Amino acid sequence: MTCPCALARHGPVFTQEPSDSVFPLRSEDNKVFINCKAKGNPVPHYKWKVDGGYIDMDLNYNLVEGNLLINHPHATHHGGVYQCIATNVFGTIVSREAKVQFAYLQNFSRKSRNTVSVREGQAVVLLCGPPPHNGEIKYSWVFNGRPSFLLQDTRRFVSQRTGNLYIAKVEASDVGNYTCVVRNMMTNATAYSSPTPVVLRRDAVMGEYEPKIEVQFPESLHVTKGSSVKLECFALGNPVPSITWRRTDGNPLPGKIKINHSNGVLEIPYFRPEDAGVYECVAENSRGKNVAKGQLWVQTLKDVHMAIEANLQWECKASGKPKPVYRWLKNGEPLVLEVRMAKHCGRLAVPRINLLDSGMYQCLAENEHGAIYASAELKVVASSPDFSSSPVKKSMLIQRGGEVIMECRPHASPRASISWRRGGEFLKDSTRRTIMGDGTLRISNISESDGGRYTCVARNPFGTSSSTGTLVVKEPTKITVPPLSVDATVGESIVLPCEVSGDSSLGPTFKWFFNGKLIDFNRQDHFEMIGGSAGDLMVRNIQLKHSGKYVCMVHTVVDSVSAAAHLIVRGPPGAPEGLIVGEITDSTAQLSWESGPDHHSPVITYSIQARTPFSIGWQAVRTVPDSVPGQMFHATVIDLNPWVDYEFRVVASNNVGVGEPSMQSKQIRTKAAVPEVAPGNVSGGGGRRGELVIQWEPIPEELQSGEEFGYVVAFRPLGTSTWKQTVLASPDASRYTFRNDSVPPLSQFEVKVGVYNNKGEGPSSHVVVVYSAEEEPSEPPSRVWTRTLSASEIEVYWEPITQTASSWKIIGYEVLCWEEGMQESDAEMVRVTDTAAILSGLKGSTVYLISVRAQNSAGAGPSSPAVNVTTKKPPPSQPPGNIEWNLTNSKIFLSWEHVKAMGNESEVTGYKVLYRQNWLGKTSVVETNRTSMALQVPSGEDYLIEIKALSDGGDGSSSGPIRIPKMSSLNSNGHFSSAPCKIYLNMYCL
């Protein structure tokens, strides 16, 4: 579908105009192309002028659409001022004048340049002074004859307007020769200046000073739409200033903007009207800042379609030095002013326009530096009134008692006079009825009698037209059951009613607002509209956030009504605020706080909670007063442990529940005090002969009450009066051993353990009786005898030591075992608490020596005389071979070859068959002295079977697992060779 505006007929408007251009004389195609393009409907046709005269198209000049093509250009014949003219049936416009030149670049003078002497830290400007040239040129500088150009940064800048090199702050490394390089971008010709020497003055160093903007853009700059504009800005200063850019209207810089050369150049490509405005360059260092401003603008006039007899006013503004003068053109020719027309300072006024005033108008602003154009089309319209695009509304519904506005806006040129009639009667203004200046009919305080057909009649000199609409009066909508303000508790559900009466044909719609925002029922879990034809609102599982104002809004096509209610939600109190810890002692802390929100239910009590590095989470603590009332905002925490880090928080409670805790307080430490807790579970005993071992539970860190904590251990022989004491300075100590060879075994001592820290000595534990260490057993066990179980196991027995033979009870025995020919010190040892032991992991056919000794808490006693015992021969190493099996229903028949033991192996005494269901089942064992066996097994499962030889030396080598697959409806048999990994399986159908 084509946009109607694209089909509208209008005069020519330039979309691309020629601009001043410089061309190389010798290009590859030897052609010059000057752009010109205009839009219009019908399509415009073009002519060109050069130096004021029309161009005849010949071999040198060709017209390509609107553009001018010059073939084989010559500097003398084809240089000049060109202008494009575009024309269609609505009029003619002329483009701006474009100067066409041809590029060249001469050489610099060879005269040597003066030396520039400058202090370190000072700024310097080196002048380029380019030679005569025409066309776009690019400036660069070479330092000390190096092959590459001098790099620009925040400290060094080359202006492409003047060619000068600016150094914001001179450094010692800047000393040397500088050469200006000029390159013609059209001809590619390059010219080099004589070197400019720069030397340092040694008399002083330049101090710091604020930025001075040395390179800046014009205060006012006209930019052609679609062109590219570059603004330069660079400042001298110490420290080196930073450069930033911004728009003074606060709008962000367009995203297409390019900023380069360390922010010294701002480029705006494809300049559009929205890019116009005041741009600002800010140079700043630690000593201050400086600002340069300039306004960029693009001149436009707007096309207008105006009714005949209307008043036209166009304003054209331009800036420049010297101030520009203005001329107006109509259809490409100077505008001839009639008596009714006026122009002043770029403003054109044409009152009471007529059809002859239609055409293309251009404003031309010019001074000695050039001229700029702005174009627009004036269309003068004369027509009779027409309602086709804006008829009177066909049907208007309005509630009784309301007000109706009936608009009458026909298209007419000149403007039509408006009158209204109802039926055949023309209406006049009354107390309830007014015809307004723009033709709108307003009727207030509507009654049923006002219903009916209303006609707007429009007249102008070119004709009369009318349009009719119908006014329908309806009964107003009323809310009969409005929502009522209510209190609720967190977690409850309520219903806010909203029922209406009125004309049911209007189809009322209900909307609910909460605190001014429309409730989206699709996104709110707590809100639901219920009630069928009514608009009742249910609020489920009410939370504190649901407190506020609720408004039921009822809309119909003719009116809107609303009713409001407030919901107050009562909940547990909010968190108390501003918790402060005041005076602190070794066991108390004073707290104060401020109340938080009570959520519409007064606070009844406050409780205090504390947390230490030793506690599990927050714990309730005792306070004075014991129960803090809701009107009190301070309390003293008691029964704290000395020298412990505490954090506190306050929790408020009301009739609804317990609220959120306050923020925790800053961590504080109670003052130190003398320890108050004595060690517990004091005991002892054991150790080696001549030792008294005392043990206790150490005091936890939170009960040590201060620094330099330790223990005082006191003991005395039972029945004596003098205590012997020792001090343990370690807070982690839990054991003390007193050594004295004169202490008799199992002597009774009275023992107590006390505590101390840097504040003093604390309490001691209750006195307990502790025995000194017993002596080692003095006799070895008797009647030690052995029994060989297999090639790797021996069982040892002995008689226990009687209690009378030792000063204290035997806690176990040590069994020593070593090979004949080795030393007892190399023996393996097994500890047991019984009077028998089994030694395993032994070598077969080997003689071992066995000895036993008793052990108590003091150590081991003497060893019994060594007993010789020889292990049996090893079991057979050859596994059962040539195993055959047959499976019939639930029976497995097995057979295998007899295993023959070698000379150094125990004789075979039988066989052991191990079987289980698949790999994870429980293993069953069956022994036999034959070389065949039948196993009764459930059908339908896989089985794994192993066979081993039995001997006095133990179990022989295994045949390895044999897998017998499940076969519920088959008879099968198999053969397992003694060769590894060869299984033969035959299956026969029943």
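In case you wondered, yes, glycine gets a Cβ from its N, Cα and C as well.
Listed in TrEMBL for this protein:
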type: DOMAIN; residues: 18-101; note: domain 'Ig-like'
type: DOMAIN; residues: 106-199; note: domain 'Ig-like'
type: DOMAIN; residues: 211-292; note: domain 'Ig-like'
type: DOMAIN; residues: 316-379; note: domain 'Ig-like'
type: DOMAIN; residues: 385-472; note: domain 'Ig-like'
type: DOMAIN; residues: 476-562; note: domain 'Ig-like'
type: DOMAIN; residues: 575-673; note: domain 'Fibronectin type-III'
type: DOMAIN; residues: 678-775; note: domain 'Fibronectin type-III'
type: DOMAIN; residues: 780-874; note: domain 'Fibronectin type-III'
type: DOMAIN; residues: 875-969; note: domain 'Fibronectin type-III'
type: REGION; residues: 857-882; note: region 'Disordered'
(message) Given a Cβ distance threshold of under 8 angstroms, which distant residues of the chain, six or more beyond its ends, lie next to the region 'Disordered' (857-882)?
(response) 685-689, 745, 773-782, 784-786, 788, 790-794, 798, 801, 806, 808, 811, 814, 816, 820, 824, 842-851, 896-897, 899-902, 904-906, 908, 911, 931, 947-960, 975-978
(message) If contact means at least 3 Cβ pairs within less than 8 Å, sequence distance 6 or more, would you call the domain 'Ig-like' (316-379) and the domain 'Ig-like' (211-292) in contact?
(response) yes
(request) For the region 'Disordered' (857-882), give the DSSP counts of helix residues, strand residues and coil residues. (result) 0 helix, 9 strand, 17 coil
(message) Limited to the domain 'Fibronectin type-III' (875-969), I'd like the whole-number average of pLDDT.
(response) 83
(request) Could you break down the residues of the domain 'Fibronectin type-III' (678-775) into DSSP helix, strand and coil, giving a count for each? (result) 3 helix, 49 strand, 46 coil
